[in-house]
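Here's what TrEMBL has on this protein:
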type	residues	note
TOPO_DOM	1-13	topological domain 'Lumenal'
TRANSMEM	16-33	transmembrane segment
TOPO_DOM	35-46	topological domain 'Lumenal'
TRANSMEM	53-73	transmembrane segment
TOPO_DOM	69-95	topological domain 'Cytoplasmic'
TRANSMEM	93-121	transmembrane segment
BINDING	ALA100, ALA101, GLY102, GLU182, ASN183	S-adenosyl-L-methionine binding site
TOPO_DOM	117-159	topological domain 'Lumenal'
TRANSMEM	142-159	transmembrane segment
TRANSMEM	165-191	transmembrane segment
TOPO_DOM	181-208	topological domain 'Cytoplasmic'
Amino acid sequence: MSVSITDLVDFDQQSLYISAAAIAFNPLFWNIVARQEYRNKILTKLFLGNSQIACYFLALTIFSLGMVRDYLYKEALAPQPSHPALETDAVKLASYALFAAGNILVITSTWALGITGTFLGDYFGILMDDMVTGFPFNVTDAPMYYGSTMSFLAAALYYGKPAGVLLTVWVFLVYKVALAFENPFTAGIYAKRDRERAAQKKGSKKAE
Ligand SMILES: *[C@@H]1O[C@H](CO)[C@@H](O)[C@H](O)[C@H]1NC(C)=O
C-alpha cells in the first residue's frame, strides 16, 4: 500500500493556505519596509527623524506579525490529521529538543545583536561596529531564521502533524529566498561604510 501526500495532509483546509500566506508575508513585508527606509527614510521621517525609535517601532511590528503568524500556524495544524508514525515518544522528545535548540538560537542571537541589530537597524543607518562572530554566529550564519524554522518543526512533531512538516519546509524555503535577498544588500551597506571610513582615513592623513 502506498501512502500519498493527500492521505497525510488535508489540502481542503483553507487555514493551511492562510498559514502559508502569513509565513511568506512576513519577510516580504520587512524587506519592503526596510528597503523603503534605506532609500527614502520613510519610518525615520514618520518618527520625526529619530531612527532609533523608528527601528524599535519596526521591531515591535515584526514581532507582532510573528505572533499572528504563529497563531495562524497553530490554527492550521488543529484540523489536520496526525500520523501514527509521528505519535511516538521519540518524536515527542525530538520536538522538545528542537524547540529548546531553536529558542536558544533565537534568544542568544537577539542578545548578541541587540534589538536594532536584530531588526534591520542597518537599513536605518544604525550599523554594528564589528561583525558579531561568537555564539550562535559561529554555528550558523542565520541563527534567527534557522532557530525559527526549528520551532516550526518542533510544533509539527509535537502535534504529530505531517501538514506541519510541510509548512516547515515552506518556512525553510521562504527564509532561504529572504536570505538570498537580504545578505548581499546588508553586505553592500557595510561595504559602503568601510569605503567611507577608508576615505576618511586617507583624508585625515592628507591633512596631517
Ligand atoms: C562558538 O563560540 C562559543 C563562545 O562564544 C564557544 O564556546 C563554542 O565552542 C564555539 N563553537 C564553535 C562550533 O566554534
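Indices start at 1 and increase along the chain as displayed.
Each Cβ is built from the backbone N, Cα and C atoms, and glycine gets one as well.
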* Asked: For the binding-site residues ALA100, ALA101, which Cβ has the most other Cβ atoms within 10 Å, all shown protein chains included?
  -> ALA101
* **Long-range environment of the transmembrane segment (142-159) - Cβ separation under 8 angstroms, sequence gap at least 6** => 73-74, 77, 82, 86, 91-92, 94-96, 98-99, 101-106, 108-110, 118, 136, 165, 167-168, 171-172, 175, 178-179
* Asked: Within the topological domain 'Lumenal' (35-46), how many residues are helix, strand or coil going by DSSP?
  -> 11 helix, 0 strand, 1 coil
* Asked: Once the DSSP letters are reduced so that anything not helix or strand counts as coil, what is GLY102 (S-adenosyl-L-methionine binding site)?
  -> helix
* To do: Kindly report the helix/strand/coil residue split of the topological domain 'Lumenal' (1-13) according to DSSP, in that order.
  => 4 helix, 0 strand, 9 coil
* Hey, which bits of the same chain come close to the topological domain 'Lumenal' (35-46), Cβ under 8 Å, at least six residues off its ends? -> 54-55, 57-58, 120, 123-124, 185, 189
* Cβ contacts of GLY102 (S-adenosyl-L-methionine binding site) (under 8 Å, same chain, 6 or more positions away) -> TYR146, GLY147, SER148, THR149, MET150, SER151, LEU153, ALA154
* To do: Give residue numbers and ranges for long-range contacts of the topological domain 'Lumenal' (1-13): same chain, 6 or more residues beyond its ends, CB-CB under 8 A.
  => 76, 79-81, 83, 162-163, 166
* Across all the protein chains here, work out how many other Cβ atoms are within 10 Å of the Cβ of ASN183 (S-adenosyl-L-methionine binding site). => 12
* Ten-angstrom check, please: count other Cβ atoms within 10 Å of the Cβ of GLU182 (S-adenosyl-L-methionine binding site), all chains counted. => 21
* Asked: Looking only at ALA100, ALA101, GLY102, GLU182, ASN183, the residues listed as binding S-adenosyl-L-methionine, what is the longest Cα to Cα distance in Å?
  -> 27
